[in-house]
Amino acid sequence: MEREKEQFRKLFIGGLSFQTTEESLRNYYEQWGKLTDCVVMRDPASKRSRGFGFVTFSSMAEVDAAMAARPHSIDGRVVEPKRAVAREESGKPGAHVTVKKLFVGGIKEDTEEHHLRDYFAEYGKIDTIEIITDRQSGKKRGFGFVTFDDHDPVDKIVLQKYHTINGHNAEVRKALSRQEMQEVQSSRSGRGGNFGFGDSRGGGGNFGPGPGSNFRGGSDGYGSGRGFGDGYNGYGGGPGGGNFGGSPGYGGGRGGYGGGGPGYGNQGGGYGGGYDNYGGGNYGSGNYNDFGNYNQQPSNYGPMKSGNFGGSRNMGGPYGGGNYGPGGSGGSGGYGGRSRY
């Protein structure tokens, strides 16, 4: 039987103890299935652990079983597992942010709430479903939101961009509240704010004492300032500070999530604002615009404007340069500084 694509079978494991080895990581995760790969990312010079790694299972069902059994504790430390994001996706808005709310585009007039509930219930426990309608006409605007009780269903759903719901092709994205979008924007500058693990000035520890105490840190930091693991089979970050916390913060100086500007439901904002033509009235280049523009809605939620999310400039070899998981590229900031799981 042909295996599912690797991107559906791989987990990023953050917050590892520096004492955790590949053997102890493997031993822990093998309780949920057979691993085809397991790695603790290390500094190439000192060979010291960078505090994160990846495990790849033989099936997505095993990943689901592992994620259903959270929290995970390895070598006396609670770790943070997340479904890994492939390199080609990691530069897109929303790739690494952790949210419980899902944006669903391409909703047709004959699609009702129960269609969304029936489809998405298999992924996890649904809290709320909202299909956005026009205030005057009552017609559906072509999009809606599904909120789960956990971030993992959203992470799993967006691994596959298109879903067929009620016979129609729908596109899914992570949704951010306006406040979350503003936090991400403020963190782009690499200063101030309190988005996630702390001050982006960094300099000292990882998860612990030391100036900054963020994912970036100095030589002991969550990535040692060299980039998110220098890549891992196309799933990492390139060298140069764009790691789990390059000082520019969430997405770096080149845009960050949304690249600034108004958000979804703000005047002139719109979903994407140039990213795949969202917000310009053409959801997916005109495919989903039956009900007009997606922008200027009263909703406070939605993925934001364009810009990059961590960058995607570095390519490189198997262990040298992709953009996998919470990781940026070449100093553009990557996942860290103030990221949140």
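Just so you know, the numbers here start at 1 and follow the chain as drawn.
Here the Cβ of each residue, glycine as well, is placed from N, Cα and C on the backbone.
Copied over from Swiss-Prot:
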| type | residues | note |
| --- | --- | --- |
| CROSSLNK | LYS10 | SUMO2 cross-link |
| MOD_RES | SER17 | phosphoserine |
| MOD_RES | ARG26 | omega-N-methylarginine |
| MOD_RES | SER73 | phosphoserine |
| CROSSLNK | LYS92 | SUMO2 cross-link |
| CROSSLNK | LYS100 | SUMO2 cross-link |
| DOMAIN | 100-179 | domain 'RRM 2' |
| CROSSLNK | LYS108 | SUMO2 cross-link |
| CROSSLNK | LYS125 | SUMO2 cross-link |
| MOD_RES | THR128 | phosphothreonine |
| MOD_RES | SER137 | phosphoserine |
| CROSSLNK | LYS140 | SUMO2 cross-link |
| MOD_RES | THR147 | phosphothreonine |
| CROSSLNK | LYS156 | SUMO2 cross-link |
| CROSSLNK | LYS161 | SUMO2 cross-link |
| MOD_RES | THR164 | phosphothreonine |
| CROSSLNK | LYS174 | SUMO2 cross-link |
| MOD_RES | SER177 | phosphoserine |
| COMPBIAS | 190-211 | compositional bias 'Gly residues' |
| MOD_RES | ARG191 | omega-N-methylarginine |
| MOD_RES | SER200 | phosphoserine |
| MOD_RES | ARG201 | omega-N-methylarginine |
| MOD_RES | SER213 | phosphoserine |
| MOD_RES | ARG216 | omega-N-methylarginine |
| MOD_RES | SER219 | phosphoserine |
| MOD_RES | SER224 | phosphoserine |
| MOD_RES | ARG226 | omega-N-methylarginine |
| MOD_RES | SER247 | phosphoserine |
| MOD_RES | ARG254 | omega-N-methylarginine |
| COMPBIAS | 308-341 | compositional bias 'Gly residues' |
| MOD_RES | SER312 | phosphoserine |
| MOD_RES | ARG313 | omega-N-methylarginine |
| MOD_RES | TYR319 | phosphotyrosine |
| MOD_RES | SER329 | phosphoserine |
| MOD_RES | SER332 | phosphoserine |
| MOD_RES | TYR335 | phosphotyrosine |
| MOD_RES | ARG338 | omega-N-methylarginine |
Separation of alpha carbons, LYS140 (SUMO2 cross-link) and LYS156 (SUMO2 cross-link) (Å): 26
Among SER73, LYS100, LYS108, which are recorded as recorded positions, the nearest neighbour of THR128 (phosphothreonine) by Cα: LYS100
Cα proximity to LYS100 (SUMO2 cross-link), best match among recorded positions SER73, LYS108, SER177: SER177
Cα-to-Cα gap, SER137 (phosphoserine) vs LYS108 (SUMO2 cross-link), nearest whole Å: 15
Which of LYS10, ARG26, LYS125, LYS140, LYS174, the listed recorded positions, has fewest other Cβ atoms within 10 Å: LYS125
Those residues of the chain, 6+ apart, with a Cβ under 8 Å from that of SER73 (phosphoserine): VAL79
Intrachain C-beta neighbours of THR147 (phosphothreonine), sequence separation six or more, cut-off 8 angstroms: LYS100, LYS101, LEU102, ILE126, ASP127, THR128, ILE129
Among LYS92, LYS100, LYS108, LYS156, which are recorded sites, the residue with the most C-beta atoms within 10 angstroms of its C-beta: LYS92
DSSP residue counts for the domain 'RRM 2' (100-179), split into helix, strand and coil: 19 helix, 34 strand, 27 coil
In the chain carrying SER17 (phosphoserine), residues 6 or more apart in sequence that have Cβ under 8 angstroms from it: GLY51, ILE74, ASP75, GLY76, ARG77
Proximal residue to THR164 (phosphothreonine) among recorded positions ARG26, LYS92, LYS108, SER177 (C-alpha distance): LYS108
Confidence summary (mean pLDDT) of the domain 'RRM 2' (100-179): 96
